[in-house]
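What TrEMBL says about this one:
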| type | residues | note |
| --- | --- | --- |
| TRANSMEM | 17-34 | transmembrane segment |
| DOMAIN | 64-216 | domain 'Peptidase S54 rhomboid' |
| TRANSMEM | 71-91 | transmembrane segment |
| TRANSMEM | 103-124 | transmembrane segment |
| TRANSMEM | 130-152 | transmembrane segment |
| TRANSMEM | 159-183 | transmembrane segment |
| TRANSMEM | 195-215 | transmembrane segment |
| TRANSMEM | 255-276 | transmembrane segment |
| TRANSMEM | 407-426 | transmembrane segment |
Amino acid sequence: MVVVPWERSRGMGSSKATTLIVAANIVVYLYTSYRNMFLESTNESIYALGFIPALLFTDPLQGVVRIFTAMFTHADFFHIFFNMYFLWLFGRRIESVIGSRRYLLLYFASGLAAVLFHVAIIPVGGYDSLVVPAVGASGAISGVLGAYLLLFPYARLMWCMFFLFLPYCFPVSTAVFLIIWFAEQVLYGYMRLGGVAYFAHVGGFVAGLALTYVLTRGLVEHYRLNYTYDYIARWLQEIGIVVRKPRGLGGVAKAVLTVLLVLVAAGFAYSVYYTVASPPSTYLLSVTANNASDTVSLVVYRGSVEVSFSSMDYVRILLNRIQTFLYNPSAAGESVEYTHPIFVYVEGLPVPVNPQVSAVYDEAGVIKRGSGVIETRIVIANIYGGARIGGSIKIAFELSTTRIDTAPVLSIAGVMALSITAYSLLSLRRADEIAVVGEEYVETSFL
């Protein structure tokens, strides 16, 4: 999917802040990706600069710092290219209306809201997000998109989609494109599609909606005068051009956005209720397996255990094989030696595990410390969904857990996210007052 402008941006003012933000992101990406031929950032840089929610509990200062470093860090070339393209496409015009200072406030406040929403939705989206680094300027840029929707709802764009490698392009208004995009973020976020922090996008966009009325009410009147002058000048030169009055989002657009915002609010209401009424026991599980190290989340809720995915092969295989040892209520407060062979099921196949494991449990029956060696077999999966037992493997390991109390932070974040969403609904009701102009006349095609 590609979006390009379909008309000239009239009255374009300063875009210094947008230019500086784009330049800063590019410089950071060059630094984080030069070892990989500028194709993608290194894993070390992602973990060193990305926002990891667990840091808010273990090292709050570092967690706050990461909020800002993550805004300038991108995973790969396409990640930064499309983020900067959208920022350049939409950001310059917003900056020309509200000025650089207000624009920077909108940008960074939206970035903060993106992090807030990303954290607040963890009880619904999954506690594995606690240990996964989030990177990218998408949340802050989403706030710019929210502002653009309210200020220029009928600016024309060319929306290009590809079918069988052939582009199919058609003109759409900003309102149509951005509402469809926002709906995708909400739905994909609830579907928990992996790899993208969709609710960070949602948070930035909602913050953009909420802040735009506050930041632009007085400025838009002045900008409208400039538009009127421009149209009068064109009318004097080309008889037949009619001055058009500004108009905001239509009733259908407002109704769809309202439904989507209510869905977002419902998610946070449930998140707060879940966190306060029956919070799970949450742990950070640090593992070293055959010299490969990783930290994952371990959540115990109503007798069941959920361990997040590890990108380190040895760690992932180990945790899959010894998951039954991670939580043992009958051994609460005790030390246990595991030496009897067991079988675990992987991809529907019984896999043998020969453990020599020492484990110490806390009062809740969650492992505090563990070490030892396991011998097992690997499982080889194919692209058709099948799997087979592979060769044997031996893994020496050490692990430990740290319990974290997530309930206060997650409940406060949920209430704040719910409040921002509610305020965005009020801002949406007054959207007609801040729409700059209803643009329907196609001037120039850039495609």
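Please read every residue number as a count from 1 along the shown chain.
Using N, Cα and C of the backbone, Cβ positions are placed for all residues, glycine too.
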Near the transmembrane segment (71-91) in space but 6 or more residues beyond its ends, with Cβ under 8 Å, are 3-5, 15, 18, 21-22, 24-26, 28-29, 32-33, 38-41, 45-46, 49-50, 103, 107-108, 111, 135-141, 144-145, 148
Restricting to the same chain and to residues at least six past its boundaries, which positions have a Cβ under 8 Å from a Cβ of the transmembrane segment (407-426)?
56-57, 113, 116-117, 119-123, 203, 206-207, 209-210, 258, 261-262, 264-265, 268-269, 271-272, 275-276, 279
Test of understanding: applying the rule of at least three C-beta pairs under 8 Å (pairs 6 or more apart in sequence), is the transmembrane segment (17-34) touching the transmembrane segment (195-215)?
no
Per the Cβ under 8 Å criterion, with at least 6 residues separating them from its ends, the transmembrane segment (255-276) contacts 120-124, 179, 182-183, 186, 190, 202, 206, 209, 249, 406-407, 410-411, 414-415, 417-418, 421-422, 424-425, 428
